[in-house]
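TrEMBL has this to say about the protein:
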- Ser24, Glu43, Ala44, Val244: FAD binding site (BINDING)
- Phe352: substrate binding site (BINDING)
- 23-405: domain 'Amine oxidase' (DOMAIN)
Amino acid sequence: MESEEKSSIAGHMFDVVVIGGGISGLSAAKLLAEHDVNVLVLEARDRVGGRTYTVRNEHVNYVDVGGAYVGPTQNRILRLSKELGLETYKVNVNERLVQYVKGRTYPFRGAFPPVWNPIAYLDYNNLWRTMDNMGKEIPADAPWEAPHAEEWDKMTMKDLIDKICWTKTARQFASLFVNINVTSEPYEVSALWFLWYVKQCGGTTRIFSVTNGGQERKFVGGSGQVSERIMERLGNRVKLRCPVTYVDQSGDNIIIETLNHETYECGYVISAIPPTLTAKIHFRPELPSERNQLIQRLPMGAIIKCMMYYKEAFWKKKDYCGCMIIEDEEAPISITLDDTKPDGSLPAIMGFILARKADRLAKLHKEIRKKKLCELYAKVLGSQEALQPVHYEEKNWCEEQYSGG
């Protein structure tokens, strides 16, 4: 079998070629290989994992600078990771979370910050209930068949928020909710798509929660291991540093060319890259006009993921868990979580710079961003220890040419 695999790679003829070595592409290739399909994965980068990326160095041991969190209902990735021998641990929310709004810090427990104004409280409840009820009308596997699909797709989330919310407080938090969940501005996303996305994640409470929610767990050793371990199984059927530039579907077999002038032939192609990145590939015949127009209208979100390391988890002295929800236009970070290792080592706070703020702060030097984050954490947590980090890691996904955001 091994000799057959080597000869097939040398001959550049395959049943299926998968473009993209992220979790989706590698999972597809793994499934095909298990059914004796001759498959090859072409990955543009010098690593697998796509938007999951585990960095390893002496300062952090390991850190997920890309996608990291898993929770209940995400059965496929949990099943896959278990098969690959990976373990998870719970993100710490044992102590109090904090909300920072109008220059003040308010500790709380639970998924959402408390609302004291009775009118705003009603407004919040109506917002979450309305979004969840609208989501129930959207078929999970065919959102375009929802009764109001066309109407909702013509509406941005900003339009919907303005329509639903009566108070400025609720509108601001709803905008933050969009920023955090899809790293975009409300005016940039279709209401139909966002409502479908939230529905797929289990509703407004589950998508935003740590306990019993989307941010409940992380992988011991990093999420990058999912792709790395699949790559180990696939062996030489994964080729790195092979950006696909040309796909010719005009003949009996499909011809694929890469930037480094390698040619492959196959019966089928699976595209497992963000749709907008297919614009970097030349197709023959050209893509259908609707598809071509669509990929120009599917931008990626904007995000810089930041990890600040400290000598000790000083926030726990105040009975804070490290999770901060920050409602302040001048603040670089919108939300944080404790990123300390499960054994208590390497205390750290992970923060997201999102959407418009990512666009704005990306222009600054890394050290300036670091300083701004430390000053913000000191203010929100009320501790000068936040000004004395021992290490800083960040990843600006907007500058990744093979992710786009």
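Just so it is clear, glycine is given a Cβ too, placed from its N, Cα and C backbone atoms.
Where the annotation comes from TrEMBL, it is an automatic prediction and has not been curated.
The DSSP secondary structure for Ser24 (FAD binding site) is helix. If you measure from the Cα atom of Phe352 (substrate binding site) to that of Ser24 (FAD binding site), you get 24 Å. A 10 Å cutoff on Cβ-Cβ distances gives Val244 (FAD binding site) a total of 25 other Cβ atoms nearby, all chains included. Among the listed binding-site residues, namely Ser24, Glu43, Ala44, Phe352, the Cβ with the most fellow Cβ atoms inside 10 Å is that of Glu43. The FAD-binding residues named in the record, Ser24, Glu43, Ala44, Val244, extend over a maximum Cα to Cα distance of 17 Å. Secondary structure from DSSP puts Val244 (FAD binding site) in a beta strand. According to DSSP, Phe352 (substrate binding site) sits within a strand segment.
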